[in-house]
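The FAD binding site annotation in TrEMBL covers V224, W495, H496. The feature domain 'Glucose-methanol-choline oxidoreductase N-terminal' is assigned by TrEMBL to 261-275. What TrEMBL records for H496 is active site, proton donor. Per TrEMBL, the feature active site, proton acceptor maps to H534.
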Amino acid sequence: MAVTDLTWDYVVVGAGVAGSVVASRLRQNDPSLNVLLLEAGSDTRSREDILYANAQPIGGELDWNFKTEAVPGFNGRETVIGQGKGLGGGAAINLTGWVRGSAHDYDDWADMVGDDRWRFKGQLPYMKMSETWHTKDNEDFHGYSGPIKTATPKSTGRDYPLRDPLAEKGYQALGLNPHPHDDAFSGDNLGYAETVEARDVGKRQIPTAAYPMEGVTILVETQVERILSEPGANGEGLKATGVLLTSGEEVKAKNVISSAGAFQSPKLLMLSGIGAKAELEAHGIDVKVDLPEVGKNLGDHLLMFQFWKLKNPENGYTLTSGNPLFQQPQFGLGGPIDWVALATVDKEKLSEAIAKDEGETPTASHSLLKNDRSFNELLVLYHAFSPANPVVPMDGSHVNSAVISLLPTSRGTVGIRSAKASDPPVITPNYLATEVDKYVYREGLRSIHKLMLDTEFGKEYIAGETAPDGVEPATLDASDEYLDKRIADGAATSWHPHGGCSMGKVVDSGFKVSGFENLYVVDSSVIPVALSTHLMAPVYALAEQAAAILSGKA
């Protein structure tokens with residue numbers, strides 16, 4: 001029977017993390033439902049080449065490889081910003097980081113939308129529902145029967161030579177404290193803890209394979225052109241009736257869920273006549289709902305790498321050093337990293353930056369000031385390679401650092417180029433548009449530079465930075481102007497886009513699109529605030545709760 005012959009109870013557009021989870025759980029909650037899951041990309045479930053940590057699928061054929069518009073904060077530079085294309089979406093190509101964030105972030109979310117289900121305590125049951133945690137040390141905050149298994153360097157026996165020196169002589173010298181049980185999942189993520197990966201004996205977990213899909217019909221290489229609709233009951237509002245595929249076929253549905261991602265869910269709504277009236281009319285699209293907030297409030301976390309030359313690389317500290325240790329099989333079970341460290345910034349200087357952005361001195365109750373927040377993630381990876389600018393050979397002579405800014409206040413937009421689904425979205429990320437973001441990122445770089453140049457760890461192991469061509473290596477007394485130029489020239493996405501269909505603006509706290517009775521968005525585009533975390537684990541939890549809400553269980 002063709003999919004066009006049925007009227008489906010739910011059609012889910014996009015089989016990334018959110019779409020896969022919500023389709024699976026809806027069917028589990030009610031086995032009588034007919035659920036159709038549509039994916040524009042390919043079936044990744046049997047792709048052995050993307051499973052292990054040495055695979056690098058970002059930028060390949062499983063990535064949409066979208067380009068941004070010119071970014072003023074990058075001195076007019078465009079950048080590539082990826083999104084997974086295939087079953088599993090971003091989980092099929094990402095670095096598998098499993099991180100939860102701070103309770104303060106989720107409380108901001110709940111306050112913004114007026115719904116306690118989105119507080120940390122409200123989401124915790126769904127965070128636990130998605131995972132099978134690797135240790136029994138912190139049971140109140142973890143699940144032990146979920147589809148996604150977790151692992152750490154310690155749990156897999158990866159004993160990296162720099163593990164203890166980096167923690168004890170490095171991060172602690174920055175004033176960062178270790179978390180009890182090496183676990184930053186209890187709602188306070190300031191400090192450092194072991195990196196956690198969503199890996200099962202080293203293998204990446206595709207949600208469409210990890211979650212039960214019995215009774216869910218999955219179609220790959222099937223792109224949606226737009227959502228179909230008609231007037232609702234008694235002529236009030238609108239009712240989604242299905243989707244039009246790019247093939248020209250119509251699929252009928254009682255409910256439609258867009259899980260197409262932070263860029264493509266806003267795009268799909270706009271192509272379907274839901275968005276700012278002027279923008280839709282400019283592309284000849286019939287306006288169904290004038291909803292100007294569609295495509296607004298786009299956020300992302302910035303990432304910048306630096307390369308650091310080791311003093312005694314012959315001691316075999318990194319993966320490509322020739323150290324026989326790294327030939328042991330356990331070192332293929334995860335990435336070359338021990339710790340995730342999160343740091344705050346000085347509140348007085350932060351307050352000054354906020355005042356410049358907002359035009360008045362903030363009070364102590366400001367959301368960024370009333371609690372100690374995690375603004376920057378500071379990472380050190382025991383592997384480094386760059387073919388050009390700078391040239392860093394794969395000979396074990398360097399380590400790699402990364403700074404990720406986690407609570408940006410800059411907000412961008414997603415738009416459309418035409419009325420065709422085949423055209424990519426217009427992505428304007430607006431990075432570094434606020435004084436807060438510039439200040440916070442400078443502080444992140446200063447923290448990394450102190451770690452590498454001024455702690456006992458840095459003095460013992462690091463010779464200095466190998467900087468890009470024509471750039472002076474980092475120093476401890478670098479000026480704001482120097483750091484601003486380094487950031488503008490070197491920063492890029494960390495693949496954590498969110499917003500665009502923000503809860504409280506485009507969808508309500510139950511995921512329903514404004515003006516519709518049966519159209520929903522479930523993916524990172526609904527997250528209305530910045531979360532101090534990588535987004536995969538939060539999106540699993542979000543989709544778990546979405547399925548419970550749509551099933552009448554939450």
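Placement of Cβ uses the backbone N, Cα and C atoms for every residue, glycine included.
Cα of H496 (FAD binding site) to Cα of the residue listed as 'active site, proton acceptor': a span of 7 Å.
For the domain 'Glucose-methanol-choline oxidoreductase N-terminal' (261-275), the number of residues in each DSSP class (helix H, G, I; strand E, B; coil) is 8 helix, 2 strand, 5 coil.
Look at V224 (FAD binding site): DSSP puts it in a strand. Counting every protein chain shown, 21 other Cβ atoms lie within 10 Å of the Cβ of W495 (FAD binding site). Taking Cβ-Cβ distances under 8 Å and a sequence separation of 6 or more, the neighbours of V224 (FAD binding site) in its chain are V13, L38, A40, V243, L244, L245, T246, A260, L268, A421. Packing around the residue listed as 'active site, proton acceptor' is summarised by its Cβ count: 25 other Cβ atoms lie within 10 angstroms of its Cβ, all protein chains included. On the backbone, the CA of W495 (FAD binding site) and the CA of H534 (active site, proton acceptor) stand 9 Å apart.
Within the set V224, W495, H496 that the record links to FAD, no two Cα atoms are more than 24 Å apart, and one pair reaches that distance. Averaged over the domain 'Glucose-methanol-choline oxidoreductase N-terminal' (261-275), the predicted model reaches a pLDDT of 99. Of all Cβ atoms in the shown protein chains, 26 besides its own fall within 10 Å of the Cβ of H496 (FAD binding site).
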